[in-house]
């Protein structure tokens, strides 16, 4: 099995590194640009190999031994790993995804613009644009996922870990946005005009998500019913600001107009979610009161949780789709 996974990993790298050469127009593929791009790819590959070697060495594993172990790891076995082994697997995943992505972007930027400085600035701009945008698009699903873990599954550890991850991602997004505003002035790079024109929304979006991550973490840790009620009200009101920032960030409306539009959109989505939840509960013979008692007594049936989560997730996803569709129409 590990040989098959290793082959897939090699093919992933080959595909990522060949993609820029196949997509950039032929007139831009000068010998000088190709030479610089190949040198960058060599540096990326050596850095990736060194990173993998070091994470295995810290765990007392040889490179071959570590690769075989991690490439034979199955999804079912992952849940049974110790915290140290899980940390190793996650870091390995970041490395084998991050380095090919970096190689693809750097190589593509060098071939496209022929400027090494711009090539290193492009990933900053790209992720400064994409991280806040994705966070705002996924935010209603994040609230739903957190609610599912915290209140229906009563899994406090998973809720706290997810909150920390969300806050860290938001901090990374904020740093990238600030770096892009300070360092990148060239309008040759894509997304520069969008970020500078809507800098307020790009700064507020990660700050907003840092606050939400901290709020969710406190909800996982607090034992006070009064605080939980207060936090829940704030959390479920937060998609309104999320939608408003998304609309302003995409440049369709001013922030004031976006708030009005978001109020309508969020209200419609929440009403649809409430109605869908009521229908699902009735189909399984529950009401809102009996579901609450069942959760408190830890006797909730698996199928109802499955349908509650995915029906509401579908409603949120469709709602987001229509928002973006309206903006780009």
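Placement of Cβ uses the backbone N, Cα and C atoms for every residue, glycine included.
Same-chain residues lying 6+ beyond the ends of the transmembrane segment (5-24) with a Cβ under 8 Å from its Cβ atoms: 34, 37, 41, 45, 67, 71-72, 96, 100-101, 103-104, 107-108, 111-112. Residues or ranges marked as transmembrane segment by Swiss-Prot on the basis of sequence analysis: 5-24 (among others).
Swiss-Prot lists 34-56 (among others) with the feature transmembrane segment. Long-range contacts of the transmembrane segment (34-56) within the same chain: residues 13, 17, 20-21, 62-63, 65-67, 88, 91-92, 95-96, 99-100, 102-103, 106-107, 110-111, 116, 119, each at least 6 residues beyond the stretch ends and with a Cβ under 8 Å from a Cβ of the stretch.
The transmembrane segment feature in Swiss-Prot is assigned to 92-114 (among others); the stated evidence is sequence analysis.
Non-local neighbours of the transmembrane segment (124-146) in the same chain are 105, 159, 162-163, 166, 169-170, 172-173, 176-177, 179-180, 183-184, 189-192, 194-195, 201-202, 205-206, 209, 212, 216, 235-236, 238-239, 242-243, 245-246, 249-250, 269, 309, 312-313, 316-317, 319-320, 324; each lies 6+ residues outside the stretch with a CB under 8 Å from one of its CB atoms. Look at Swiss-Prot and you will find 124-146 (among others) tagged as transmembrane segment, backed by sequence analysis.
The feature transmembrane segment is assigned by Swiss-Prot to 159-181 (among others), with sequence analysis given as support.
Sequence annotations record features per position, and here Swiss-Prot assigns transmembrane segment to 196-218 (among others).
Here the transmembrane segment (231-253) has Cβ contacts under 8 Å with residues 132-133, 136-137, 139-140, 143, 146, 194, 197-198, 200-202, 204-205, 208, 212, 215-216, 218-219, 222, 259, 261-263, 265-266, 269-270, 323-324, 327 of the same chain, all six or more residues outside its ends. The transmembrane segment annotation in Swiss-Prot covers 231-253 (among others) and rests on sequence analysis.
Look at Swiss-Prot and you will find 263-285 (among others) tagged as transmembrane segment.
The transmembrane segment feature in Swiss-Prot is assigned to 306-328 (among others).
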Check your understanding: Any residues 6+ beyond the ends of the transmembrane segment (159-181) with a Cβ under 8 Å from its own?
Key -> 124-125, 127-128, 131-132, 135, 142, 145-146, 149-150, 192, 195-196, 199, 202-203, 205-207, 209-210, 212-214, 216-217, 219-221
